[in-house]
Amino acid sequence: MDRLELIRRNVQEIVTEEELEGLLKNKEAPRAYVGYEPSGKIHMGHVLTVNKLIDLQKAGFKITVLLADVHAYLNKKGTLEEVRKIADYNRRCFIALGLDEEQTDFVYGSDFQLGAEYMLNVLKLSRAVTLNRAKRSMDEVGRAMDDPTVSQMVYPLMQAIDIALLEVDVAVGGIDQRKIHMLARENLKSLGFETPICIHTPILLGLDGTKMASSKDNFISIDDTGEDIYRKFKKAFCKIGDVEENPILALFRYHIFPRYETVVIERPEKFGGDITYHSYAEMESNFIEEKVHPMDLKNAAAKYINEILDPVRKVLL
């Protein structure tokens, strides 16, 4: 797989591919970043962007991970001291998930976001962005509020300035970050900064085929036990022959096949014996043709996800 194929793998959108191709031609070691608001519950949605960072490292990129403690503070997730401790925990988890520590710069927001240069650029951007545009860039929870705080309006402006002052070529995030990334693309040039290329990953559904929600117990947290994962997978939505909005197949596509050259589905001989797959497309085709049973996929997915999460569990012990 060449550099461009690695970068394109499992992404929903690149803005723009032409700019990306030019970057790869002109810069030997470009820099990409993701910002993570420190979270006590890292789930497989977070891991999807970690997987993309690993792909980018293999493609020769230097990686910056912003541990956005100030953003978390503005979002009322705790005191700066509390969210800094969670950020330290997140850093250890991301390394355990496979990020190359030697090739990754971990930056805390509080290390640069409280300085005069940063705040001056946020103020400059605030003069250029309308209130309606800032509100459109807020996260879904903030947009749904009748009376959001000013800090929640400032949040997307800060994300744009993060991209500028971290001096990255590429901003990576879930497709839910698109509005913020487009705000950066539209405005940073006028402030004297480069326009970032943006790579967006899909948003994964919960195990029941609906939106992930902690109240539904329908997502995989990286601190779930092996027993938790087998229990959750057993009741996961995986309609036979149906590949649309199938969370089990999504785990194979986005998390398992990128980390394993071959995937083995273990089955008793009376049900046809083990099947070895060398690509996700091969597995999907067999599933559509009903040559492999949903429960066999669930058991295999649980086994591989547990293997992926084992290094993280050692960090947590």
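Glycine too: its Cβ is placed from the backbone N, Cα and C atoms.
Residues annotated as L-tyrosine binding site in Swiss-Prot: Y33, Y155, Q159, D162, Q177. According to Swiss-Prot, the ATP binding site annotation covers S214. Look at Swiss-Prot and you will find 38-46 tagged as motif ''HIGH' region'. What Swiss-Prot records for 211-215 is motif ''KMSKS' region'.
Long-range neighbours of Q177 (L-tyrosine binding site) (same chain, six or more residues apart, CB within less than 8 Å of its CB): Q159, A171, H200. Predicted-model confidence for the motif ''HIGH' region' (38-46) is 87, expressed as mean pLDDT. All protein chains shown were included, and the count of other CB atoms within 10 Å of the CB of Y33 (L-tyrosine binding site) stands at 25.
When secondary structure is read from DSSP and collapsed to three states, Q177 (L-tyrosine binding site) falls in the helix class. Secondary structure at Q159 (L-tyrosine binding site), taken from DSSP and collapsed to helix, strand or coil, is helix. The record assigns Y33, Y155, Q159, D162, Q177 to the L-tyrosine site; their largest pairwise CA distance measures 17 Å. Across the motif ''HIGH' region' (38-46), DSSP helix (H, G, I), strand (E, B) and coil residues number 3 helix, 1 strand, 5 coil. Counting only same-chain residues six or more apart in sequence, the Cβ atoms lying under 8 angstroms from the Cβ of D162 (L-tyrosine binding site) belong to Y33, G35, L66, A68, G109, Q113. Secondary structure at Y33 (L-tyrosine binding site), as computed by DSSP, is strand.
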